[in-house]
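S.K.: Here it is: the structure, laid out below.
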């Protein structure tokens, strides 16, 4: 059984990155929109909504959650066009940006900064189990919180271990359950408190002396929240039948559906603060407090299963992503490593406390990555790629650069990270440059990295280094 699973994963890792021909494309706009909506809907959206509610009023939150997310998506999702046009994943194109070996390094970095999202899921699972025990009169010690989170990781990893069949059935159940919980939370929230209490809500103390600072941080959080999706943004669009469908399915699927659940999280937190005086990011706590026991019990079970399912899907997707870069490693070993990483974060137990810092730190990497992809595709290579070199075919070495690494690409990523940290310290929440901070750390890093890469590409010696693929162009 184990060998069959590994063979399936190897097939997915190899053929999952091969160019998709036009007659093999299966998704319309609506199909892709639904799939990407499901990809974005997860219980960590509640954490994001709760975090935003500590920074700004509900009206500002509503505008920022939708417009901020869609603005960033419209810009950084543009390279999805290449995935639809050529039927390839963005990580194939990124071999031209970072080199054949360099892209492996970036894969590992992306997983290190992005997989903590699944520790958020594990934390919410632990909270839901504690609340479930409370409904039955069982007091679960606080010392069990980390252990319950690890249990979520283990069950999710076991499902991922079973392979694509188990994942398929999990996702078929997962998305409707999450949608159902979201609708229930909104209904309960608005019925439990006066409408004005939510609509006119403003945080009493943001912790900042200037009102503009928490507002900018809220926009930064929205930018950072959606830009963390850049690593896997082309997996579904490359299967769509035309470029418009692929692009807008990503923008609207993530910008509307994902943002809706962020707002749901905010509604939940505001309602809980109104009733109990305490703002929480756990939907199970709200449902247990504000609704009838039967509804609360059902919802608790749904959220618990949803977090396990999200863990399973994440383990599988990132396991395949690692397998495509490190073909000699066993898939089962890779997902065990991922489980160990999340388990350590669960034992640490502070991922929720530093959620805002985690968002901005991850965006420090993602913003330069997204900028490089946009500028390289549209302005440096002008939408043309040497596919034989990109796929590492024998005799084709245009993207080998310096021992497999394009140092110009890594230099720009480093510069982008520096730009972000020079204007804002996400750990201490300190603003270093108020003027540049108005662009948001993610926005400034994105713009600065893109401009730097473009300027460097115009220098003759660097241009020759970057465009060694011009004689070999295949698309």
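Glycine is no exception: its Cβ is also placed from the backbone N, Cα and C atoms.
Since we're looking at a predicted model, the values are computed, not measured.
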S.K.: To which of the residue ranges 124-142, 143-161 does TrEMBL assign the term transmembrane segment?
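M.R.: Based on what TrEMBL states, transmembrane segment spans 143-161.
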S.K.: Would you say the transmembrane segment (331-352) and the transmembrane segment (247-275) are touching, if the rule is that at least three C-beta pairs must lie under 8 angstroms and be 6 or more residues apart?
M.R.: no
S.K.: If you count Cβ pairs under 8 Å, which stretch among 52-76, 173-192, 331-352 touches the transmembrane segment (26-46) the most?
M.R.: 173-192
S.K.: Go through 52-76, 173-192, 212-235, 295-319, 435-456 and flag the stretch with the largest number of C-beta pairs under 8 Å relative to the transmembrane segment (331-352).
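M.R.: Ranked by Cβ pairs under 8 Å, first place goes to 295-319.
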S.K.: I need to check the long-range neighbours of the transmembrane segment (143-161): which residues 6 or more away from its ends have a CB within less than 8 Å of a CB in the stretch?
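M.R.: Result: 5, 118-119, 121-123, 125-127, 129-130, 167, 170, 307-316, 319, 332, 335-336, 338-339, 342-343, 346-347, 349.
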S.K.: Under 8 Å for C-beta pairs, could you tell me which stretch among 52-76, 97-119, 173-192, 295-319, 435-456 has the largest tally with the transmembrane segment (401-423)?
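M.R.: Stretch with the highest Cβ contact count: 435-456.
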